[in-house]
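As written in TrEMBL, here are the features:
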TRANSMEM  B:9-27  transmembrane segment
DOMAIN    B:94-296  domain 'ABC transmembrane type-1'
TRANSMEM  B:98-121  transmembrane segment
TRANSMEM  B:133-154  transmembrane segment
TRANSMEM  B:174-192  transmembrane segment
TRANSMEM  B:228-253  transmembrane segment
TRANSMEM  B:273-296  transmembrane segment
Amino acid sequence: MEKILEVKDLQLSFHTFAGEVKAIRGVNFDLQKGETLAIVGESGSGKSVTTKAIMRLLPESSSEFKSGQILFNGKDLTKLSDKEMQKIRGKDISMIFQDPMTSLNPTMTIGRQITEPLLKHQKVGKTEAKKIAIDLLRMVGMPKPELRIKQYPHQFSGGQRQRIVIAIALACNPQILIADEPTTALDVTIQAQILELMKDLQKKIDTSIIFITHDLGVVANVADRVAVMYGGRIVEMGTVDEIFYNPQHPYTWGLLSSMPSLDSADEKLYAIPGTPPDLLDPPKGDAFALRSDFALAIDLEQAPPVFQVSDTHYAATWLLHPDAPQVEPPAAIVERMKKFPGSRYYEGVAR
Amino acid sequence: MAKYIARRVFYMFITLFLIATATFFLMKTLPGSPIASASKLTPDQLAVVEAKYGLNEPLPVQYGKYMLNLAQGDLGNSFQFKGASVTDLIINRLGPSFLLGAQGMILGVLIGIVLGMIAALRQNTIWDYGSTLIAIIGISIPSFVFATTLQYWFGVQLGWFPVALWKDGWMSSVLPSIALAMGPLAIASRFIRTEMIEVLSSDYITLARSKGASGFEVAFKHAFRNALIPLVTVLGPVAAGLLTGSLVIEQIFAIPGIGEQFVKAIMINDYSIIMGTTLFFSVFLIFIILVVDVLYGVIDPRIRLSGGNS
């Protein structure tokens, strides 16, 4: 496996009237070639900001990189000039946004919107670009692309518009595709179609995907690895199986418990109590401690370091410290762990 | 589209009929008459003159006759200029008014758009504040104060341009055009700033940036057209007003335009010129509004389609 992107100790703040909002407080992760990494977490956890920071799409006047690096093929993106960044955006790294109803320019034909990155980044003429655009539209499953290329966004449905956005993002065969909740604004059947499409296209053009979502069902469907973000940090990261069947951080437990499942239909759905931390004045210790049923005394004093669970799995919680008391995770989580070889509850039942 | 315009023209005639009727009766409630100021006439002479122009007939009869002539496209003859038809009088005066209006409008809108764009792209910097200041000055200083200031500095003190009158060709049009430009300048710069700031924070602009578009491309290729729509709405009526002559500015600079003639006509109760000019203004305004509605469609494809169907 080849590392294509590496984010090292990234810290980023927003300057607001109320003061400095520490939106990202030391994020580390890497992205392998061809894999799909899902970043999950509640609103305000920093998942969107992290990816917008990678694309350098945050307003320069109010945001500031405090420290850290974003290494893309060895180049530190935080150090590039605007011009250099423009050459990377849309060509090497591109993005799909949450709401297809507002993410296309209403006064431009979709043909022009799709050909724009082609004309910009690849040495093609207008006719050639138009041909590629038609092919792209066909690839994302748009019927009659030759006719539709002349139309405006309002002449398409929400699902079709998201297909167009995907076509734009994939126009230059990017190495990294960032999908910021690409299915959140769509209804469930269209969601499934878009996810299938993305999986298909990923195989076709061999791109890496960073998939931001708060829908764990989607994560299980698309991701190879998962990063769980909370309060501007990654609190747990591992393969899909590790996160779903051997979660270690109390916040991941909470997230998984609050996910409805087919056999929990009669029970009341679990909700994590409390509200997200105020990043204007982040808590001293573990940001999740005040909402956690499993907080230790030290959680309020000192932020937990990262503990390695396996080669691919780590979590930032004091519960993994050798001196920490053994706690029993919630019953639903124990049920999950029973199915995971290597967890302490493993029963050897095939899943 | 043709059907749409035909229906608009039909509505235009109804509007004009209502305007003509209202103006006619309002005008007749003004004290005096076109000949009352000629106080040297004896009552007998007055009666003869009134009879000649039909001013002694009952109001509804006068109204009926006027409307009948109007329906045939005849605006009647002026009272003050013997035998001159109102149509000719307006056409003769059109040139200077139109030139000033067009120059003022183009100058004001262009500078206004530039200032507004600068303010939006350099939000909360000295550029933004400077542009805001100019707009506030343009809106809050009355045009006659601004016009006389221009006359004093550039006409009297520096002597670059003629102070007034319409004798030095294009040079005569410079100061009044600048005075006229301040209004549209202020309006355009404020509207463009507000709209650009809103448009620049929209999702499709983020998408455009994520494609690798430069700041310049984002502002002009993607944002500008979307920011234009509200500006076109407000500028339509402003354009109509300017192109048909600003009453105050033409008075101050002694420009032989429609506005100046209109003001004089009201002072001496020249009924046919008042009626004719009012109707001319109205036709022009309605026409501009129609043009604006068609322009929407050119700028915004979403409106183009719904306009065609309705």
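Each residue, glycine too, has its Cβ placed from N, Cα and C.
Under 8 Å from some Cβ of the transmembrane segment (B:228-253) lie the Cβ atoms of residues 93, 96-98, 100-102, 104-105, 109, 113, 143-144, 147-148, 151, 164-165, 172, 175-176, 179-180, 183-184, 187-188, 191-192, 195, 259-260, 262-263, 280-281, 284-285, 287-289, 291-292, 295-296, 299-300, all in the same chain and six or more residues away from its ends.
Outside the transmembrane segment (B:273-296), and at least 6 residues removed from its termini, the chain residues within Cβ reach (under 8 Å) are 5, 8, 12, 15-16, 19-20, 23-24, 27, 66, 70, 75-76, 78-80, 86-87, 89-90, 229, 232-233, 235-237, 239-241, 243-244, 258, 261-262, 265-266, 303-304, 307.
Counted over residue pairs 6 or more apart, the CB atoms of the transmembrane segment (B:174-192) and the transmembrane segment (B:98-121) come under 8 Å in at least three pairs, which marks the two as touching.
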